Ligand SMILES: O=C(O)C1=C[C@@H](OP(=O)(O)O)[C@@H](O)[C@H](O)C1
Ligand SMILES: C=C(OP(=O)(O)O)C(=O)O
């Protein structure tokens, strides 16, 4: 990828269909469950990107073979809950799911394991996961201030029992604990302290675990879980297209006008991020929800008040749309977005202002008041979502240049090719 990408404004309303690549979140969960399962699993619709590569490489270093099995398909030789490697140094880039899920997974092993990533990963919290694993009898230590990676694990199986985990920083702590739990020595009881953010991802974790034969009972509000020592069974598992990636195409219709249909997703998807279309509808778009596709048609856009706690990966997408709306848009409930690839409130505000908006930053979100848009070189902070969302502004505003467009490789290496395919 070159150092910058000049977005080409569209010449008229869109009329396109697209199927984005597989879900990052489901791919990395299916890999973990398949890795721990008894037997050989086949995963289809897999996402190939930085975040899934570091997961696959990590599992490889733990002695769990993940092999290509055709287009977007992988075969995983499960270890039946017995991690083969006795030691491993895992490099997990800036993948939150990988570092949180594998930290929990390696506690099931016997030996010394270390997980580390890029400099930003050393600022992303994991201490509350370490505390919960330690309450279950593990030995996990975080080396960076504030409880951040590198993480050292001295594993001798996970005894199990009861633990509480904090829910308001990242739901990935809970998901990591849940996926390791069926392979612990004793049943695991988990309770969540504080408000649980990103809830649909926890429901997704349970669904993927169940597909691989693990059982788990959850309170209706996802505040507590009982997970027996069932282990996992290998299976053939089909992964949905990525709904966070789909948000850019739906938002393209909102911004450029016309209709974009995303194939392979419905409102029953495992991914909560499909509900970004509800936000677009509130802002004036028309949404058609079909059994295996969701279409968005652009309309006259107006600002809205949106609690995006459950779907925070799409907050940047909505922020880009807000620049074209009549009146202010307020996004709330996304305080946890400050701990992601970058500070997705503060840094997003800086870039939106460059494009001409007035932005009031709040602890848990922002109010975006559109102004006259202007050309800008948009910095992306090594955050794929900053690049993908703010590129959409250039579909209508000439002169938008995205710096370091290659950062989309974290979850969507072919993003700009696909964006061109729907706007051509
Ligand atoms: O569990 C998952 O797959 C994810 C959970 C969310 O993180 P938080 O729980 O940290 O909000 C989300 O932002 C991330 O992209 C993927
Ligand atoms: C926050 C994200 O990823 P992760 O936390 O898995 O690094 C993301 O993909 O937007």
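Each residue, glycine too, has its Cβ placed from N, Cα and C.
Those TrEMBL annotations? Automatic predictions, nothing curated.
Noted in TrEMBL for the protein shown:
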- 313: active site, proton acceptor (ACT_SITE)
- 24, 96, 124, 172, 344, 385, 410: phosphoenolpyruvate binding site (BINDING)
- 24, 25, 29, 170, 171, 172, 198, 313, 340: 3-phosphoshikimate binding site (BINDING)
- 12-419: domain 'Enolpyruvate transferase' (DOMAIN)
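Positions of TrEMBL features highlighted on the structure.
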| residue | record | Cβ contacts under 8 Å, 6 or more apart |
| --- | --- | --- |
| 24 | phosphoenolpyruvate binding site | 47, 49, 51, 52, 97, 242, 244, 411 |
| 29 | 3-phosphoshikimate binding site | 97, 101, 175, 179, 204, 205, 208, 209 |
| 96 | phosphoenolpyruvate binding site | 124, 170, 172, 340 |
| 171 | 3-phosphoshikimate binding site | 196, 197, 198, 199, 201, 202 |
| 344 | phosphoenolpyruvate binding site | 312, 315, 316, 334, 337, 338, 383, 385, 386 |
| 410 | phosphoenolpyruvate binding site | 49, 50, 51, 93, 94, 95, 341, 384 |
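Taking the Cβ of residue 313 (active site, proton acceptor) as reference, residues of its chain lying under 8 Å away and at least six apart in sequence are, in sequence order, 244, 247, 273, 385. Mapped onto three states, the DSSP output places residue 171 (3-phosphoshikimate binding site) in coil.
Close contacts with ligand 1, defined as a Cβ under 6 Å from any of its atoms, occur at 171, 172 among the binding-site residues 171, 172, 344. Site extent for phosphoenolpyruvate: the farthest pair of Cα atoms among 24, 96, 124, 172, 344, 385, 410 sits 19 Å apart. Neighbour counts of Cβ atoms within 10 Å were compared for the binding-site residues 172, 198, and the top value is held by 172.
Contact annotation for binding-site residues (124, 171, 340) versus ligand 2: 340, each with CB under 6 Å from a ligand atom. Each of the binding-site residues 124, 340, 385 was ranked by the number of other C-beta atoms within 10 Å, and first place falls to 385. When pLDDT is averaged over the domain 'Enolpyruvate transferase' (12-419), the result is 98. In three-state terms derived from DSSP, residue 410 (phosphoenolpyruvate binding site) belongs to a helical segment. In this structure, residue 340 (3-phosphoshikimate binding site) belongs to neither helix nor strand by DSSP; it is coil.
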